[in-house]
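Pulled from TrEMBL, these are the features on record:
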type	residues	note
BINDING	ASN13, GLN46, ASN66, GLY76, ASN77, ASN159, ASN192, GLU210, ARG211, GLY220, THR221	substrate binding site
ACT_SITE	CYS75	active site, proton donor
ACT_SITE	CYS219	active site, proton acceptor
SITE	PHE270	site 'Important for dimerization'
Amino acid sequence: MLVNFSKMHGLGNDFVVIDNITQNVFLSRDQIKKLADRHFGIGFDQLLMVEAPYSPDLDFHYRIFNADGHEVEQCGNGARCFARFVRMKGLTNKHKISVSTKSGNLTLYIEKDGQVTVNMGHPNFEPSKIPLKATKRELTYIIRAEEHTVFSGAVSMGNPHCVMEVDDIETAQVSTLGPLLENHERFPQRANIGFMQVVSQEHIKLRVWERGVSETLACGTGACAAMVIGFIQNKLTSTVQVDLPGGSLQVRWSGEGHPVRMTGPAEHVFDGQVAL
Ligand SMILES: N[C@@H](CCC[C@H](N)C(=O)O)C(=O)O
């Protein structure tokens, strides 16, 4: 079977996007892992599936699979590429697109300059919803992992995030602490791990060790998680520039009770066909 796909990226966080409305594709976890392999496959951080909506008030359903083959709840950079993909392929001509995901609904807006704004919904700080094993909600959790003691915030942006502040992201222990915390017993569904350097109240630098992938060049939900955690810790204002290794995003949030909005680019790289 030949499957048509597009290769896309949002700030270097890269995706294979499959139109599963005009095609009928089912991929096993092993097939996804093989396609994600950067030497033996196509190579990607996430596979995105565009599917028909479940209800008339929605335009599409959006499925996300990490490079390790596991299906996950949310992907911010992927959402922006999703919006660009459905317009590019003529699946819609709307500028405001409503999609359901495994963890809720998103609204995507195509801006005049081609950037995409995503209404990411409400962050959830309740430990049981992240999920994080903790007796109560805290601004900062103390997590011990081997010889490390980490002070971090935690939030669900639809998917689980743990964010710690560091003095300098260049020297942050991303490849050691990242996997230790991703698989820490206090995160029963594992977690994405952010390393945030606060440059000013309107500007942070961020590196993210992504669950099911490893460090990526950018993580949209990670950028939102870092911003909301920095905000509730009184370190950030309501509009923040987030610099990731692959480029910058703008994240806006006015506090609890309000949705998070993220704006950034979405790029098409090439179209291809793969034999399964
Ligand atoms: N790259 C993403 C997040 C993808 C899912 C994540 N690795 C998880 O397991 O939750 C983004 O841009 O948000």
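Residue 1 is the first one shown; counting continues down the chain.
Yeah, the Cβs are placed from backbone N, Cα and C, and that goes for glycine too.
Locations of recorded TrEMBL features on the structure.
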| residue | record | Cβ neighbours (10 Å) |
| --- | --- | --- |
| ASN13 | substrate binding site | 29 |
| ASN66 | substrate binding site | 22 |
| CYS75 | active site, proton donor | 30 |
| ASN77 | substrate binding site | 35 |
| ASN192 | substrate binding site | 27 |
| ARG211 | substrate binding site | 26 |
| CYS219 | active site, proton acceptor | 35 |
| THR221 | substrate binding site | 31 |
| PHE270 | site 'Important for dimerization' | 8 |
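Closest in space to the residue listed as 'active site, proton donor', of the binding-site residues given as ASN13, ASN66, ASN192, THR221, is THR221, taking the CA atom of each residue. The residue listed as 'active site, proton acceptor' sits 6 Å from ASN77 (substrate binding site), counting Cα to Cα. If you compare every pair of Cα atoms in ASN13, GLN46, ASN66, GLY76, ASN77, ASN159, ASN192, GLU210, ARG211, GLY220, THR221, the residues listed for substrate, the longest distance is 16 angstrom. Nearest Cα neighbour of PHE270 (site 'Important for dimerization') among the listed binding-site residues (ASN66, ASN77, ASN192, ARG211, THR221): ASN77. With respect to ligand 1, the recorded positions ASN77, CYS219, PHE270 contribute ASN77, CYS219 as residues with a C-beta closer than 6 angstroms to one of its atoms, given in sequence order. The substrate site is defined by ASN13, GLN46, ASN66, GLY76, ASN77, ASN159, ASN192, GLU210, ARG211, GLY220, THR221, and by the 8 Å test on Cβ atoms against their centroid, the other residues of the chain that qualify are ASP45, ILE64, VAL72, GLN74, CYS75, GLY78, VAL208, VAL213, THR216, CYS219, GLY222. In the three-state DSSP reading, ASN77 (substrate binding site) counts as helix.
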